[in-house]
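Right, one structure below, let's go through it.
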Amino acid sequence: MWSTVALCLLVGLSYVSSSSPAWKDNTEYVYSVNGRTLTGLEETADQYSGVFLEAKLHLSIRPDGKLQGRISEPKFAQILSQLPDGWKSEIPDSQISYKQLQLSQKPFQLVLENGLIKRLIVEKDTLNWEANIIKSIVSQFQMDLQGENALQNPTSSFPTNEYMDAVFKTMEETVTGKTETIYDIHRLPEYLVQSQPWIAPQYKLKGEGDLIEVIKSKNYTNARDRPSYHYGFGEIEESEPTANKMGQFFIRQSNSRAILTGKPSRYIIQSTYTVNKIMVNPILKNKEMGSITSMVNVTLLEINNQQQQPEELSNPLDIGNLVYTYGQPKNNQVHSKLNENLMEDSSSEESSEQEMTHRRFRRSANSLTKQWRESSEEWNQQQQQPRPQLTRAPHSPLLPSMVGYHGKSIKENKDFDIRQNVENLVTEISDEIKQSEKTISKHTLDKYTILNTLVRLMDEDDIQFVAEQMYSQMKNGQQRYTWSIFRDSVAEAGTGPALLNIKKWIETKKIQKTEAAQVIGTLAQSTRFPTEEYMRKFFELATETQVRQQETLNQTCILSYTNLVHKVYINRNESHNQFPVHAFGSFYTKKGREFVKTTVIPHLKQELEKAISNADNNKIHVMIRALGNIGHKSILNVFQPYFEGEKQVSQFQRLMMVACMDRLADCYPHIARSVFYKIYQNTAELPEIRVVAVHQLIRANPPVEMLQRMAQYTNTDSQEEVNAAVKSVIESSCKLESSKHAELRKAAQSARPLLTKKQYGMEQSYINLRDYVAEQMGLELHVQRTSHSSAESSFPKIMKFQLHQHNHGMKQHILSTGGMISSIRELLNVLYRQTEVFQQEKSQRSQEQGKDNEWSSANIARLMNYERDEREQLEAIIYAQVEDVQKLWSFDNQTLEHLPEVIRQQEEIYRQGKDFSYVKLKQLNEMALSFPTEMGLPFLYTYDVPVLMKVEGKIRALANPAISRNNKLTKPEQISTEIKARVTCTGKTQSHLSFVTPFDHQIYMAGYDKNMYVSIPVNARLEMDVKSKEAKIEFEVEQQQQDSRLVHITSTPYTSRSDVMAISPVALRPNTYVIKSHRNNHRYFDFNFGKKETGLTFRGWGHHPEQSIGFNDLVSMWQSRGVAGVWEQLWDKCSTEYSEATISFIPSQSTTRKATFRINVDQKYQKQPETQSPEDLLTLNQLSSKLQKDEPKQRQQEIKKHVGSGINSALLSCSDISLEFEGDKKYEHVVGFAVAKSNADPKSRVMFYYKNKNENKQGALEIRSEIPNTNGLNLDDSLDTEPSTKYNMRLQYGNSENDAFEISAQAQLSRSQERKQYLINQDPLYHVCKEQMQQKNFQLPACQNMTIKANFLDHIKYQVQYQKLNWKLVETLEGMFKGLRVLYYPMTEIKSISSVGQNVVEGEVQFQPEDFRQVNVTVRNTDEETVFFNISLNNELLRTLLVPHPVFHAKCRFAGLMQGQQNYRPTCVIDQTTAQTFSNKTYSVNLDKEPTVVMQYVPKDARVNGQQSKSVEQLLRESIENYVVLVRQVAANQKEVIINLNHPRTQGKTVKIEMKPSEDRQKSARNPAAKVTIDGQEMHFDDKQIADKCDGYVQVYALPNGEVKLEVEDAFYLIYDGQRVKVTATGNKLRDSVYGLCGRFSQDKHEDFTVPSNCVTRDTRKFVESYQVEKGQQWRNSPSEQCIKKVLPLYTNVISNQNGSQMRTKLASGTVMKHRYIEENGEICFTIRPLPVCNTSVKQVVTKNVPVHCIQGTKTAYYYKSLIDQGGNPDFSRKSETRTARMEVAAQCN
């Protein structure tokens, strides 16, 4: 036995000897220690703040193999000065004042294994911060020279017995963590020691061996132990907050160099040092970076023989490895990480101890490495702080407030009363907010940030104590703002104690409704420690009865909580990066996720079902959005029955469910893709739902084959809205530049060739993805726009806009907003029904109903027997999300029906006058990152964006008569409002790079602040005369003695050193040094402005870094890189340098006391002009006389008389705006515009004018034009007639004609002969049209297109004369013109010509005759001609706007392009033998003398609550607006047109218009082709004189070739030549609201052949017959079996069992319960309760009388029928019983 022990001892001694080759027995090694940690904005200035450290380190090996150490003579020096050579600067000792560092000088021991330091043993009374500094020093000796912990890598090489050269990676423990470390070991030439003796000061002791260099580089990205604290980096992409690199704004690197002498078996560590550098872009936007550099250098001073054994430790404590140890807030004593881990996992205790014992006696390095790797996980797992308790402040490690006071929390300082300090800060902030300007000089927002930090240190009782004080002060009126400041700060704390207190405040009604909602929203956004206990308590709060009873609070609670759930439990990456997981462990726990699946989602599901059963639309919308916020795949189980028609909800709610699955697409793209693609694939689904599914599908990054299938299907899909969405999103995805979208971009590019060639407008379904990438800036902007226009309106019913940026690798959600509505028209209808005007018009119509003629709309509806097509009830939402703050506004028809009462209540409040005071402090963004530096000192980076919004004042408003009267909305005649208020907004972006020295509780800091302050006083009175269309706003100027800052912006870089416990703003601390650049490098400005023009004096002053950037630079970058290039050019000139800009109001130099703004608007239809002959362009003197009138109405009258002169049947519009400043002197400015335009008369005039009454200067831009109408139905006439347009323009300004500058111009626009020849000889549509014309069809699509093409004006000839222009302006214009020459070189030709005259410029513009894709521009001035040729116009929008047309003006062309209308407006044509619908569908038509409905306006309306369904006849008879157009064939080539309409403009009367062919075959402008009678009275008109009715509401006039055009304002116009008729829609009114030969005018051309019984036929003959008023009755009463109703949606399975994680179940008995139906007498009757139905064959049936609910055969009825046929089970339990029906019911199944 004893021999065995002896053998073991010998083996152990030999192992100890071989495992410590750097340390010789009985020898003491003395090293000098030098360390420094400095922080500064090194790329801005050489100013630094930091600390130097010096000491001696004594090391010697013990007999037991441990390395014993001791530190002596420790001292430190504080640095706050300029260092010309940066952090490396050498400072003489004479210039440094060192202080003794109270660092433990007691011995410590290092446990070695094969030369590696495994554990540190210190005296038990060692302080934690001391232990960490010791670790930082001894970490320099952590050298794995043999690759003991090497990571497997085929490229690695290891030392041999003879040579130490090697390259390999290890996982190494040092003070900064357990990180991957790259070793590069190689020999150095020995001669280097001669020139660099410091690298090996004891080189003489080298003995045998080499000079060896060891280079180590740490890879923090790959680490197993990351001592750190981080918060707010949830949106960081592909990175870890403690990694080597985070985005493009954070760099962390650590490099070590050691010099050894000797050989592998015995060597001496001569010197070693490590440089740890952290570089941060302070506010993520500047190009300059700040840094913290930490360096530790250990150099061998001497080697001494040791005469005695090292002394033993009196009270040893093994504190584990060298990794930084977290401190305890209440106790700064060092503690063992061993004990912590044993407590966490006691089962590993025995195995760990056995493993350590076994390791001491291993002999082979290779076998040791192998066995170590094969063993169980290491005992020293990453340390964690105990999970925060709800009632206690969390023990956040590394933060200055937690470790800054000698390693303890600053709360432990008896002189630091946290409650009192918080109260003091709140009071200071409150006092400063009262006087807004003080917030600048007092740095109020800095104080608020400090306040938030202190509140996070408070326990529950601390917060409760201060809250009671603040609340009582507010109640007693002592302090107005203290409560709101503290309330907001507690919400920002985001801790458990904050949550518990906020919960109590709500329960005790300290905060309620909107105030409570804002607090909850902030709390959820700022949560820092979402433990399971915290999340459950938050859920309890969100589901409390008291919360649920307050609608706003309930909504915010639910939405905020579900957002937080997603962040913590669903998005794993965000959860890891957002919260301090390296300090407290992961919050993404299994229990937490189970809680979401088993409690949260089921609760929301239950609430959704309850809301659906109660028809509570607002709650339904909120619950859908809340489920979408969570984004877990389990929400599919909730939505599945509604998607697939098993349960009944409105189609709008189904749409919203799809729209709210955005986060599901982000987190579970594979599952989401399957669901969205199935929804998209279902062509019987509603188009808007499919469009939203396409948008969500793109979010899920679809694979290339899926996009290709979708692209190919656009050539087949019948729903053009969906095709438009697919095409737009694929085409925009092809243009994405960001690398993040590379996969999507490639997939889209491969799918693009497969897309349909059809062009769609932006006003159709449109999904646009766009990004702007500025690589140098590290900035990307991503924009998503989605819109979907319904069939009833060009205005989108779905709109969505998202903007987020990737800033140096940080994704930041800036804005997400949008809205959805079930029906735009229903919204307008519901609002209109609330008005008194509606009641009056309805009454007026009721009185006229009895006078309707036989062809009235209602009578025709009776004969047609239309089947009513109802809409769903109105539903709508508007939502917005800024950062993490989400708000949803929901309304429906019932909400709007309460609008009059809501307005009445508000009117009552504002009539009495309302005081308002809103003060809100908020952190828009917060980030914090802390970890130990190489010196063992905690580094901290913080980024804060606090803002203050303050709005205070009083408002009083009065409407006469009241807007809400008798529960109806009325149009007031007068409105007056008085408001006196001040709006103040202050914001700060603040960034600190700091570190803490716990031994003297100092914090060293480099910072950068960017401040913005805006304060606007408002003292105004508004008086509006609605009836006269006049408004006046008076602004009173405050009489004050001191200057008032309105805008103030500063950028301030600085360095600082201060006490950790200081609670004053950094800028106000004594040792803060603002970094100011040299004055010569800055541009200073100081000027006054405004007094000359307004009598108000403003001063602007400040300074900024000199920038050298010119216009040419920006143009160059725009050409090369577009917007991103300009950004980069501007950004390159930005910096973190000190700058300032201020705008102030100077009352002492201002004479104005009141400013008055007046606006007058007037519009009228003028049959005959006051002056028959057109007046010439005004001279300046004539203009002056017309503007001399003081009264706006008089000025308007004079101007209208002028612009309307000589123009028949003109619509005159005029606006006059004046601005007066009254005081010691009166300043007055007048600006206005007027326009006169006629539909028939070619003359028109536009005028803009301005007058400065003080300087007696006036000016005007007047344009007179002559634009004749063109022919509309005959291509030959259009080609034979030369279309042309003339413009005459004059711009002038000055005192009088003698000194005023003047620019005159004339332009003539025409169609070139080349254009005409191209159309005739080369355009393929010309020959198609001519063939159709031979068949007497003149206006089918080909001819329509050609007729429009024939009138484009591709040639422009112009001349410009100018005089008395300012020479500087002339030089500028000449410079710009020369720039254009250079820009378009070599497509420029310059030649000399004979002079065109002085001050004259003339030339031509010729567009390419074929397709206008190129343009030639000729400019002649003086004696030179410049030709720009073949200038590209590939942009379709540009071509649309630039190439003029005499009929379709620019606005009309733009609208047509946006709507995808090839001919700019939708048209319907009844030609000789063929007709065309509004959807461009053509078919054969054969009319007879029987009147046939071409177009009848039959709007869809939702049923009004409480009313029974009415027939179409009843609805149209009561409708205040009706239109019907009938046509009959009276002869072989002759048709007659009958139009009946009523409108409020007709006073409810039905107006009958008849258009008959003229008996005279020779038609012309003076001899029109038709005879028109209105209500039996013949109309007289020609091409310049209009015949009108109802004050211009109906207008009739002739076109140049005699065609007759009839216009109905804001509805349609009709062109008729006796043989054919073309109806053109001019607004949204007719969309999806017509029946007749023109089709349905919906976005679905496949339903154009809908007959009055509301089914679709394929037989065009029967389609035409069904709309014959008399003959069609028999066919309408017995529709063909081939006539099929359009029923959408048809449901299908979109969620598979795997997607939804659920299985469908059936009844065990073989039966299922289903609703049934029967069809009788045009009704469909549904069973109110489901009946048993056999899955297999029926064995026995019984006959029963079953209660049923019957519905007329409407779309709704067929929808339910289709739903049941597909296996759905709609809920009829709440429907009334119509009758009973006998049915056979299954009693038993086989």
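Even glycines carry a Cβ here, placed using N, Cα and C.
Here the structure is a predicted model, which means the values were calculated and not measured.
Annotated features, as they stand in Swiss-Prot:
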SIGNAL    1-19  signal peptide
DOMAIN    23-799  domain 'Vitellogenin'
CARBOHYD  N219  N-linked glycosylation site
CARBOHYD  N297  N-linked glycosylation site
REGION    342-400  region 'Disordered'
COMPBIAS  342-353  compositional bias 'Acidic residues'
COMPBIAS  378-389  compositional bias 'Low complexity'
CARBOHYD  N554  N-linked glycosylation site
CARBOHYD  N573  N-linked glycosylation site
CARBOHYD  N893  N-linked glycosylation site
CARBOHYD  N1345  N-linked glycosylation site
CARBOHYD  N1416  N-linked glycosylation site
CARBOHYD  N1430  N-linked glycosylation site
DOMAIN    1466-1675  domain 'VWFD'
DISULFID  C1468-C1638  disulfide bond
CARBOHYD  N1480  N-linked glycosylation site
CARBOHYD  N1699  N-linked glycosylation site
CARBOHYD  N1735  N-linked glycosylation site
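Structural mapping of features recorded in Swiss-Prot.
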| residue | record | Cβ neighbours (10 Å) |
| --- | --- | --- |
| N219 | N-linked glycosylation site | 16 |
| N297 | N-linked glycosylation site | 18 |
| N554 | N-linked glycosylation site | 20 |
| N893 | N-linked glycosylation site | 23 |
| N1416 | N-linked glycosylation site | 16 |
| N1430 | N-linked glycosylation site | 11 |
| C1468 | disulfide bond | 28 |
| N1480 | N-linked glycosylation site | 19 |
| C1638 | disulfide bond | 29 |
| N1735 | N-linked glycosylation site | 12 |
For N1345 (N-linked glycosylation site), the one of N219, N297, N554, N1430, N1480 that lies nearest, given that the glycosylation sites are compared by Cα: N1480
C-alpha spacing of N1480 (N-linked glycosylation site) relative to N554 (N-linked glycosylation site), in angstrom: 50
Candidates N297, N573, N893, N1416, N1480, N1735 (glycosylation sites) with Cα within 10 Å of N1430 (N-linked glycosylation site): N1416
For N1416 (N-linked glycosylation site), the one of C1468, N1480, C1638 that lies nearest, given that the recorded positions are compared by Cα: N1480
Integer Cα-Cα distance in angstrom, N297 (N-linked glycosylation site) to N219 (N-linked glycosylation site): 20
Of the glycosylation sites listed as N219, N893, N1480, the one whose CA lies nearest the CA of C1638 (disulfide bond): N1480
Whole-number Å value for how far N893 (N-linked glycosylation site) lies from N1735 (N-linked glycosylation site) (Cα to Cα): 42
Secondary structure of N893 (N-linked glycosylation site) (DSSP, helix/strand/coil): helix
Spatial separation of N573 (N-linked glycosylation site) from N219 (N-linked glycosylation site) - C-alpha basis, Å: 20
Protein Cβ atoms within 10 Å of N1345 (N-linked glycosylation site), excluding its own: 18
Residues that sit under 8 angstroms from N573 (N-linked glycosylation site) by C-beta distance, when 6+ apart in the chain: none
Mean of the pLDDT scores, which run from 0 to 100, over the domain 'Vitellogenin' (23-799): 88
Pairwise Cα distance for N893 (N-linked glycosylation site)/C1468 (disulfide bond) [Å, integer]: 34
Inter-residue Cα distance where the pair is C1468 (disulfide bond) and N1480 (N-linked glycosylation site), in Å: 8
Per DSSP, three-state class assigned to N219 (N-linked glycosylation site): strand
